[in-house]
């Protein structure tokens, strides 16, 4: 029977990797996701076979039911616009589960001092369990805050304690590690183990640290935060797998941890910011920071849906630049309809996607794909930037900071050096916004005052729909 378990695990690992390969392209993403899900189902089945002699089947069945209830309904009912919240929720569930596994190991072995079947508290079991407890707790509570910010239950603006923020975080980290050391020192047969309060203190300190790390991070940094929390959950799951001697958890956790770490690093580079700087928070305090010449009156030119339609109908090419505002307005279907009308008139339409646009990695791609936008028309920043200078019209829908030329031109700007979409180089720019409020970085955008820029104020979905109606009339 052991050979059957090993065989099932090998099959599940192969499916994990094959499914991950499928996620690299939009045409194979659905199939890749399904393959990975089948791999996880096989891994669960292998684990159940391995523990077939247990007497705890009622608890196991109850856990499976809870997992189905927490997993299936949210995944089926959540709208694509709320996908970042769902990702944060699932990530938090994973981190919390790992922390509970570590606590369970502590309780079952009486503080890692009483192992069954002649086993002894080996270093890898104790260290892995304590690592999983700390990282899992940080990930759980950090994901809860990320979910709250994305769902607007709490403010998306940075919430911090000023100069005291980092000392507090350091004290919490030291406290969690110190508690782990105490637990580890008492992990010897015959000692009775450390008091349960040390483990509770460890989880509490790590949990508060998770809260304190994510609270000061603004909405603009949320894609990086979600990737980072995802990586932490994966690594903690791998550590828990070491403690439980569960190969499936080790492999799946390492895949998630590695991919999350790589994605976090890539997205941080796309913002020209280091991961420690993002974790330190404070980016985007909510007020409008001066930008540009720092003074003088600034005037914007408003336009109408009719004028915008005329501009685009006679353009050599239109580039759509989506941002978080498109997600909030749920305007993706209206944008697709507008683009279809333009293409019927012989106007090519492309979509410029910034790596950190939206509130999770790939947020804009997901929304546009839901509206059945041709994936070949979605262009990454590096592929599209050179085309702006050859484009008659760029239409910005709910994007702000990722189009701000201050990142390129003004060394005093907080976002200086951040790669941006070269929207300002298009012959004309139409910006759809509700108001002149700044983006999450809290920085004014000189693009709005440029000679070639006009502003179409109002709800993005309503404005795009009106433009589409005007296109039909031309």
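Keep in mind that glycine also has a Cβ here, set from the backbone N, Cα and C atoms.
No curator has checked TrEMBL annotations; they are predicted automatically.
Keep in mind it's a predicted model, so treat the numbers as computed, not measured.
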When TrEMBL is consulted, the range among 6-25, 286-305 described as transmembrane segment turns out to be 6-25
Pick from 57-74, 309-326: which range does TrEMBL record as transmembrane segment? 57-74
TrEMBL annotation (transmembrane segment) - matching range among 123-147, 348-372: 123-147
What else in the chain is close to the transmembrane segment (224-244), if you only count residues 6 or more beyond its ends and a Cβ gap under 8 Å? 84, 87-88, 91-92, 94-95, 98-99, 101-102, 105, 124-125, 128-129, 131-132, 135-136, 138-139, 142-143, 146, 214, 217, 250-261, 263-264, 267-268, 271, 275, 278-279, 356, 359-361
Cβ pairs under 8 Å only, please: of the recorded stretches 6-25, 32-51, 86-103, 123-147, which one is richest in them relative to the transmembrane segment (168-189)? 123-147
Please give the sequence-distant neighbours of the transmembrane segment (123-147): residues at least 6 beyond its ends with Cβ less than 8 Å from one of its Cβ atoms. 85, 88-89, 91-103, 105-106, 112, 153-154, 176-177, 180, 183-184, 187, 199, 202-203, 206-211, 213-215, 222, 225-226, 229, 232-233, 235-237, 239-240, 242-243
Near the transmembrane segment (32-51), which same-chain residues lie under 8 Å Cβ to Cβ, leaving out any that are not at least 6 residues past its ends? 1-2, 4-5, 8-9, 11-16, 18-24, 60, 246, 248, 252
What average pLDDT is reported by the model for the domain 'NADP transhydrogenase beta-like' (8-469)? 86
Sequence-distant contacts of the transmembrane segment (195-217), meaning Cβ under 8 Å and at least 6 residues beyond its ends, amount to 99, 103, 106-107, 111, 130, 133-135, 137-146, 149, 158-160, 165, 168-169, 172-173, 175-176, 179-180, 182-183, 225, 229, 278-283
